[in-house]
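*Asks:* I am attaching a structure below and will ask some questions about it afterwards.
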Amino acid sequence: MSSDLPLIDTHTHLNLSDYQADQNEVIQKALDEGLIRMLLPGVTLESCLSAIELSRQYPALIYCGLGIHPQDVAGWDDAVEARFLEMAKAPEVVAIGETGLDYYWDSSPPELQHSVLRRHIHLARELQLPLILHVRDKADSQAAYQDLLRILKQENAQEIGGVMHCFSGDLAFAQASIDLNFYLAFGGVLTFRNAQNLQAVAAQIDLQHIVLETDSPWLAPVPYRGKRNEPAYIRHVAEKLAEIKQCSLEEISQITTENARHLFQF
């Protein structure tokens with residue numbers, strides 16, 4: 001993809017130790033590939049603080065979200081919520097998350113995940129910021145997806161909306177998410193040879209509901225699968241989406257960039 005076609009990575013963890021040795025070089029590579037915005041969601045209080053710190057080193061390029069990952073919900077308490085309310089005053093903060101439900105790992109009781117998710121939604125509503133949502137389940141179950149939709153509806157999350165990060169659901173979940181005012185974020189998994197089901201869903205979703213992400217350092221797209229991911233590789237996701245949608249790279253760039261800027265107001 002030509003670097004004059006702008007792209008936005010709506011989900012990267014550039015502040016993690018995986019980039020400690022070459023963080024500045026990775027960011028420069030992203031700029032060279034045409035990235036105009038990168039969003040760093042928080043997964044712990046410490047990662048939220050480091051995301052804000054990095055965003056201040058790269059104003060108008062890097063932004064961040066405030067959240068506790070569902071695998072780390074034991075780290076949520078009233079003091080963390082109070083810190084988030086204060087930290088959200090920073091102009092670099094444009095979202096609440098990463099939050100959601102993860103039943104794939106057994107590290108956090110579902111009931112606690114539900115409670116902390118609701119607290120994130122309340123915080124997002126109070127601050128009028130969109131949500132960055134994570135959802136993952138065991139291979140033979142849809143419980144996490146069903147529980148997530150139920151909680152979103154109960155908490156009127158459609159009033160703020162957000163994004164379904166690393167979208168991996170079926171067409172019914174995609175439509176239910178869109179109906180609740182959530183965008184679908186596609187990343188490196190879309191390029192995998194065994195992702196035919198996900199590709200079929202992407203083919204049926206209007207581009208107006210799609211944004212792009214890398215989830216770096218994880219889930220690198222083909223041809224980098226299995227290696228450390230980085231924002232510059234988002235062009236491979238864009239190329240695959242253009243192939244699936246049978247449209248130009250220019251259209252992917254224009255629409256997904258407009259969607260992300262509209263969602264996060266940056």
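Just so you know, glycine gets a Cβ as well, placed from its N, Cα and C.
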*Asks:* Return the residue out of GLU86, GLU92, GLU98 that TrEMBL annotates for the same divalent metal cation 1 site as HIS11, HIS13, ASP215.
*Replies:* GLU98
*Asks:* Within 10 Å of the Cβ of HIS134 (divalent metal cation 2 binding site), how many other Cβ atoms can you find? Include all protein chains, please.
*Replies:* 24
*Asks:* Counting across all protein chains present, how many other Cβ atoms fall within 10 Å of the Cβ of HIS13 (divalent metal cation 1 binding site)?
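*Replies:* There are 22 such Cβ atoms around HIS13 (divalent metal cation 1 binding site).
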*Asks:* At 10 angstroms around each C-beta, which of the binding-site residues GLU98, ASP215 has the fewest other C-beta atoms nearby?
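*Replies:* Checked GLU98, ASP215; of these binding-site residues, fewest Cβ neighbours within 10 Å: ASP215.
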*Asks:* C-alpha of HIS165 (divalent metal cation 2 binding site) to C-alpha of HIS11 (divalent metal cation 1 binding site): distance in Å?
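*Replies:* Cα to Cα, HIS165 (divalent metal cation 2 binding site) and HIS11 (divalent metal cation 1 binding site) are separated by 7 Å.
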*Asks:* For the recorded divalent metal cation 1 site, enumerate neighbouring residues of the same chain (Cβ within 8 Å of the Cβ centroid of HIS11, HIS13, GLU98, ASP215, site residues themselves excluded), in sequence order.
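*Replies:* Apart from HIS11, HIS13, GLU98, ASP215, the close residues are THR12, LEU40, PRO41, VAL43, ILE132, HIS165, CYS166, GLU213, THR214, SER216, TRP218.
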*Asks:* Do you see any of the binding-site residues HIS11, HIS13, GLU98, ASP215 whose C-alpha is within 10 Å of HIS134 (divalent metal cation 2 binding site), and which ones?
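*Replies:* Within 10 Å Cα-Cα: GLU98.
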